[in-house]
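Structure first, commentary second.
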Amino acid sequence: MDRYAVIGQPIAHSRSPAIHAQFARQTDQVLSYEAIEIAPDALPARLQALHAAGYRGLNVTLPHKVAVMALCETVSGRAQRAGAVNTLIRTDQGWHGDNTDGEGFIRDLQRLGFGVAGRRVLVLGAGGAVRGILEPLLAAAPAELVVSNRNPWKPEALAEAFKPLGTIVPRTHLSLKGDRYDLVVNATAAGHSGRMAALPGPLLARGGDCYDLSYGAAFAPFRAWSEAQGAARIADGLGMLVGQAAAAFEAWRGVVPDRLDAVIARLRE
Ligand SMILES: NC(=O)c1ccc[n+]([C@@H]2O[C@H](COP(=O)([O-])OP(=O)(O)OC[C@H]3O[C@@H](n4cnc5c(N)ncnc54)[C@H](OP(=O)(O)O)[C@@H]3O)[C@@H](O)[C@H]2O)c1
C-alpha cells in the first residue's frame with residue numbers, strides 16, 4: 001500500500017490524517033497516512049529513513065517547514081518564494097519540496113466567493129504564513145495589496161522580496177487609520193494568545209469580507225473584531241487547511257479531491 005505521513009513536533013493534534021483519510025475515501029484511493037513525530041535534530045536522518053522505507057509523500061508542519069528545505073533534492077519556485085516547504089513528493093533521488101499553503105488559501109477564498117480581483121486587500125501579519133499567501137494574492141489582481149504588521153520592518157522586507165511579482169504596500173497598523181478595505185485577512189498569530197492585533201478604528205468598507213488563517217479557539221478574537229466592523233461575511237482558516245491538503249493530495253495521486261465542503265463539515269463536528 002502507498003504510504004504517506006505528516007511530520008512535525010508535536011504532531012498528535014494534527015488534523016491531516018483525518019483529512020487525507022476522507023480524501024482517499026472520496027476518490028477511491030487505497031493508501032495509508034500516519035502522523036509521525038520527529039525532533040528537529042533527528043530530521044535529516046528520519047527523512048532519509050522515510051525515503052528508504054518507500055514513503056510516497058509527506059506533509060511537513062511546525063517546526064520543520066523551513067529546515068526541511070535544505071534537505072530536499074529540488075524545491076519548487078513557489079516554495080522558494082514562500083521560504084518554506086509543507087509538502088514533500090518522492091523522487092528516485094530524494095524529496096521534491098513544494099508549498100501548497102498559498103494554493104489552499106486562494107482555493108478557499110474561491111470556495112467562499114470572497115473576491116480579490118479589483119478589491120482593496122489588507123493582510124495583517126508578516127510571518128511565515130504571509131510569505132506563502134502573497135504570491136497567489138498578487139496573481140489574483142487586487143486593486144491594492146497592503147501588508148501591515150506589529151513589527152514595522154517585516155512588511156518592508158516582504159514588499160522588497162515580492163517586487164518582481166507585483167506591488168505590496170508596506171504599512172504599520174497605526175498608519176491604517178482612516179483607510180477602508182474590501183477584504184481583511186488576519187494572518188497574525190495573536191488569536192493563539194486570545195488577542196487581536198491592536199488596530200486603529202474602523203477599517204472595513206461596506207460589504208467587506210474578513211478571513212482568518214487561524215481556526216478553532218484562536219479564531220474568536222478576529223471573529224469578534226470582524227463582527228464589530230460589520231463584515232458582510234467572516235470565515236476561519238479551516239478551509240485553507242483542507243485546501244492545502246487537497247493540493248498535496250493532487251500532487252501525490254493525480255486526483256483532485258473536489259468535495260472539500262464535506263471534509264470541512266466533518267472536521268467542524
Ligand atoms: N489555516 C492554515 O492552513 C494555516 C496555515 C499556516 C498558518 N496558519 C495560521 O496563521 C497564523 C500565522 O502563522 P505564521 O506561521 O505566519 O506565524 P509566525 O511566522 O510566527 O508569525 C506570526 C505573526 O503574528 C504577529 N503577531 C503575533 N502576536 C501578535 C499580537 N499579539 N499582536 C499583533 N501581531 C501579532 C507577528 O507579528 P510580529 O512580526 O510583530 O511579531 C507575526 O506577523 C497562525 O495563527 C497560524 O495558526 C494557518
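Even glycines carry a Cβ here, placed using N, Cα and C.
TrEMBL names Gly125, Ala126, Gly127, Gly128, Ala129, Gly237 as NADP(+) ligands; from the candidate set Leu213, Leu260, Leu267, the record adds Leu213 to that same site. Secondary structure of the domain 'SDH C-terminal' (237-264) per DSSP, as helix, strand and coil residue counts: 21 helix, 0 strand, 7 coil. Taking a Cβ distance under 6 Å to any atom of ligand 1 as the criterion, the binding-site residues Ser14, Arg15, Ser16, Gly237 reduce to Gly237. In this structure, the binding-site residues under consideration are Gly125, Gly128, Gly237, and the one with the smallest number of other Cβ atoms within 10 Å of its Cβ is Gly128. The binding-site residues near Gly128 (NADP(+) binding site), taking a 10 angstroms Cα-Cα threshold over the set Ser14, Thr61, Tyr215, Gln244, amount to none.
Sequence-distant neighbours of Leu213 (NADP(+) binding site) (same chain, six or more apart, CB under 8 Å from its CB) are Phe105, Ala129, Ile133, Val185, Asn186, Ala187, Gly237, Met240, listed in sequence order.
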